[in-house]
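Worksheet: the structure to be examined is printed underneath.
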Amino acid sequence: MGDYVTPGEEPPQPGIYRSEQMCLAQLYLQSDASYQCVAELGELGLVQFRDLNPDVSSFQRKYVNEVRRCDEMERKLRYLEREIKKDQIPMLDTGENPDAPLPREMIDLEATFEKLENELREVNKNEETLKKNFSELTELKHILRKTQTFFEEVDHDRWRILEGGSGRRGRSTEREETRPLIDIGDMDDDSAARMSAQAAMLRLGFVAGVIQRERLPAFERLLWRACRGNVFLRTSEIDDVLNDTVTGDPVNKCVFIIFFQGDHLKTKVKKICEGFRATLYPCPDTPQERREMSIGVMTRIEDLKTVLGQTQDHRHRVLVAASKNVRMWLTKVRKIKSIYHTLNLFNIDVTQKCLIAEVWCPIAELDRIKMALKRGTDESGSQVPSILNRMETNEAPPTYNKTNKFTKGFQNIVDAYGIATYREINPAPYTMISFPFLFAVMFGDMGHGAIMLLAALFFILKEKQLEAARIKDEIFQTFFGGRYVIFLMGAFSIYTGFMYNDVFSKSINTFGSSWQNTIPESVIDYYLDDEKRSESQLILPPETAFDGNPYPIGVDPVWNLAEGNKLSFLNSMKMKMSVLFGIAQMTFGVLLSYQNFIYFKSDLDIKYMFIPQMIFLSSIFIYLCIQILSKWLFFGAVGGTVLGYKYPGSNCAPSLLIGLINMFMMKSRNAGFVDDSGETYPQCYLSTWYPGQATIEIILVVLALVQVPIMLFAKPYFLYRRDKQQSRYSTLTAESNQHQSVRADINQDDAEVVHAPEQTPKPSGHGHGHGDGPLEMGDVMVYQAIHTIEFVLGCVSHTASYLRLWALSLAHAQLSDVLWTMVFRNAFVLDGYTGAIATYILFFIFGSLSVFILVLMEGLSAFLHALRLHWVEFQSKFYGGLGYEFAPFSFEKILAEEREAEENL
């Protein structure tokens with residue numbers, strides 16, 4: 001660690017600790033081999049192509065026609081897919097990953113898809129026509145049946161019509177405009193009237209048809225008002241549900257027949273029928289003709305049923321055959337399309353025989369990339385090998401962190417804050433341990449942790465089946481994607497629950513308590529006899545009740561019974577523990593920043609950032625941790641001599657919070673806990689508790705304060721001085737030094753010696769505000785001031801922020817205790833069958849509330865708090881997060897994104 005190493009020369013490091021080393025390479029492909037080479041790179045998924053034609057629109061690129069052909073094939077396949085889903089035919093998806101077809105195979109695929117689409121469209125068109133004819137014939141069948149009844153009723157009512165009465169649907173009033181259809185009131189002779197009536201009936205016209213049931217009331221009203229009552233309307237509902245002849249949707253319809261007189265009314269009635277989208281059908285006048293037509297209609301219906309069944313069978317066979325290959329075809333087409341999209345990123349040389357690309361790729365995978373190019377060249381039959389040349393560049397490479405299904409969830413947690421700057425320390429491997437651990441500190445309960453662990457185990461053991469099921473629910477996908485994170489959170493929660501000795505708010509006496517009951521039974525009985533006395537608290541003095549040996553692992557179960565001071569003890573322990581964990585993680589973050597400074601050869605950052613930060617952190621916060629541990633180790637309940645001072649007992653245990661305040665205020669305090677006469681000082685817990693404490697603390701405070709101006713001004717000053725020296729050196733070199741160079745003419749065989757000023761390359765900077773270009777001192781000072789203030793204030797605020805570990809742990813334990821006391825414990829006070837039934841019922845209530853409130857809600861809360869502690873308190877000490885993600889050309893990724901987009905539609 002003491003030797004500087006440049007990027008690319010450092011010792012091999014697993015990719016999980018830093019992002020993979022990347023290089024920019026230039027790729028030369030023969031036109032004939034370019035398609036196959038890109039296909040092989042897509043299968044490999046380790047190359048990110050750069051767009052060398054950023055100013056060229058998508059419609060002006062070389063392979064735009066091929067992309068359009070792929071779009072058209074994809075459209076046809078989506079049409080086939082929709083038709084297959086419409087018939088509820090399962091599509092075969094074996095998970096097979098076919099190779100990308102050759103360019104010449106596109107013609108065969110296009111022909112296959114064109115044939116399938118045309119055949120299916122023709123079958124659909126024929127089926128639609130047949131269904132329309134079938135619906136029309138079905139409606140005509142119902143019309144012929146119903147109109148026969150109508151005509152029979154009209155024959156009985158003829159004389160009523162002739163006398164001015166209306167039919168069942170006709171309406172008459174005494175108004176002038178509502179006269180009867182035929183007025184023969186002036187005829188006195190019965191025979192003459194009969195003959196005139198028969199002649200009039202011969203002049204009556206009628207139309208018959210069907211109309212949707214919900215339109216019938218409005219249809220009747222408009223007919224009555226438009227025709228002034230001079231029509232005779234009869235309707236009857238069709239019991240069967242018919243398909244609409246236009247849309248094909250199932251609808252309820254009614255048969256109607258309208259009688260009228262004259263061409264004017266006929267025209268008006270037809271227009272009204274057309275307006276209400278009623279369908280009119282021809283209907284013969286005589287019963288014999290209607291009977292013959294009905295027989296013909298029934299015959300045609302039966303024939304249509306046969307033809308329609310055959311058409312549907314043929315359509316089904318076509319779709320079943322297509323369903324076996326449609327997923328594979330989609331995969332092939334999408335691969336072809338992605339290849340041509342990638343080829344559009346290439347430059348084409350002037351000879352049109354070579355394609356040039358620039359790619360980002362991992363240095364460790366160059367051999368595999370070259371092998372893929374060789375396979376592509378061999379498969380294409382090209383005699384010219386493909387060339388991959390590494391390039392020098394000042395551009396920041398993309399960040400590529402290798403992951404697997406276990407580490408992916410933790411890497412996503414880190415990347416959600418920001419993609420790591422190229423080659424800086426990756427927090428993910430440390431997050432794998434610290435994240436579930438800090439979560440468990442807040443969530444610690446063996447019972448709830450076991451529930452979480454079992455749920456995660458289910459997702460892990462059934463992951464293949466669950467992946468194959470392709471469940472689209474977003475909440476499920478969130479839990480399933482983080483199954484390994486949940487698994488570790490559950491495992492660590494069981495561990496911290498064991499440390500807290502907490503199982504559903506209860507403790508387990510595994511090793512035997514270190515406390516003994518020293519209270520006589522007579523005293524206990526005395527307190528239990530009287531209700532008021534029973535509310536008093538019995539105290540176990542540690543001098544007599546504690547055997548001096550701590551509980552082997554975790555918290556002594558006796559504290560679960562200590563109603564009076566249980567919270568005081570646990571709060572003090574968890575509060576100090578939170579501070580220890582927080583300062584330890586922050587210190588580790590600062591140490592990781594040293595690794596970054598070493599890697600990037602930033603000596604100024606090491607001298608004037610890392611070292612002052614460690615001194616500042618150690619002078620105050622690490623010193624506080626030492627005090628916490630010392631208090632736990634040396635200051636017990638029993639008095640004695642501690643660190644050279646006489647210690648009277650627990651009442652003189654030092655107060656660390658007030659002591660820290662006095663340290664900054666440099667307040668004078670008593671040395672030790674007792675005076676020379678052996679009397680205990682009043683407020684002895686405020687005294688100094690080891691020799692030389694006051695002097696040491698003054699030195700630490702001064703040392704911490706001195707680091708602030710060092711962090712603020714030292715680095716900008718040395719950057720400024722370095723910049724001045726480089727500027728002076730460049731000026732002197734430009735004025736005094738010249739060098740000779742050779743200018744050659746490629747069209748002639750001679751050359752000349754010329755003189756030109758030497759160009760001094762600018763140093764590459766490794767810090768903020770320096771490097772290429774002039775140094776802007778204002779920007780450097782502002783940047784340095786922001787980071788200094790952020791670190792100094794952050795050390796205080798972040799330490800306080802870690803107290804959320806204590807707060808959430810307390811809240812979780814108290815909520816668990818309330819749930820046990822208020823719900824499940826009530827079942828234990830009942831005896832017999834009533835108690836058994838109550839226990840059965842209350843257990844399910846208790847279990848449901850535990851899962852939904854304590855596991856899910858409290859678990860989500862602890863998860864978010866752990867997320868904040870890592871993003872802000874931990875990663876702010878060393879993590880830049882200013883990089884961009886490596887996005888390789890990968891068929892697997894492209895197909896997965898397409899599948900996800902389909903499922904979200």
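We number each residue from 1, going along the chain as drawn.
Yeah, the Cβs are placed from backbone N, Cα and C, and that goes for glycine too.
Going by Swiss-Prot, these are the annotated features:
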- 1-424: topological domain 'Cytoplasmic' (TOPO_DOM)
- 463-477: topological domain 'Cytoplasmic' (TOPO_DOM)
- 508-572: topological domain 'Lumenal' (TOPO_DOM)
- 593-610: topological domain 'Cytoplasmic' (TOPO_DOM)
- 632-699: topological domain 'Lumenal' (TOPO_DOM)
- 720-788: topological domain 'Cytoplasmic' (TOPO_DOM)
- 814-834: topological domain 'Lumenal' (TOPO_DOM)
- 874-905: topological domain 'Cytoplasmic' (TOPO_DOM)
- 425-443: transmembrane segment (TRANSMEM)
- 446-462: transmembrane segment (TRANSMEM)
- 478-507: transmembrane segment (TRANSMEM)
- 573-592: transmembrane segment (TRANSMEM)
- 611-631: transmembrane segment (TRANSMEM)
- 700-719: transmembrane segment (TRANSMEM)
- 789-813: transmembrane segment (TRANSMEM)
- 835-873: transmembrane segment (TRANSMEM)
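When each of 425-443, 700-719, 789-813, 835-873 is scored by its Cβ pairs under 8 Å to the transmembrane segment (478-507), the top-ranked stretch turns out to be 425-443. The helix, strand and coil residue counts that DSSP assigns across the topological domain 'Lumenal' (508-572) are 28 helix, 2 strand, 35 coil. Proximity of distant same-chain residues to the topological domain 'Lumenal' (814-834), defined by a Cβ-Cβ separation under 8 Å and at least 6 residues beyond the stretch ends, is recorded for 445, 448, 502, 504-506, 841-843, 845-846, 849-850, 853-854, 858. Spatially, the transmembrane segment (425-443) is not adjacent to the transmembrane segment (700-719); fewer than three Cβ-Cβ distances between them are under 8 Å for residues at least 6 apart in sequence. Using a Cβ-Cβ cut-off under 8 Å and counting only residues 6 or more beyond its ends in the same chain, the transmembrane segment (573-592) has close neighbours at 425, 427, 430, 434, 438, 441, 555, 610, 613-614, 617, 621-622, 624-625, 628-629, 632, 656, 795, 798-799, 801-806, 809-810, 869, 873-878.
Sorting each residue of the topological domain 'Lumenal' (814-834) by its DSSP state yields 18 helix, 0 strand, 3 coil. Long-range contacts of the topological domain 'Cytoplasmic' (463-477) within the same chain, counting only residues at least 6 positions beyond its ends with a Cβ under 8 Å from a Cβ of the stretch, are 483, 903-904. For the topological domain 'Cytoplasmic' (874-905), same-chain residues at least 6 beyond its ends with a Cβ under 8 Å from one of its own Cβ atoms are 19-20, 22, 38, 41-49, 97, 100, 330-331, 334-335, 338, 342, 360, 396, 398-400, 414-415, 417-422, 424-425, 427, 434, 470, 472, 585-586, 588-590, 592-593, 595-596, 790, 794, 798. In the topological domain 'Cytoplasmic' (593-610), helix, strand and coil residues by DSSP number 15 helix, 0 strand, 3 coil.
Look at the topological domain 'Cytoplasmic' (874-905): DSSP puts its residues at 18 helix, 1 strand, 13 coil.
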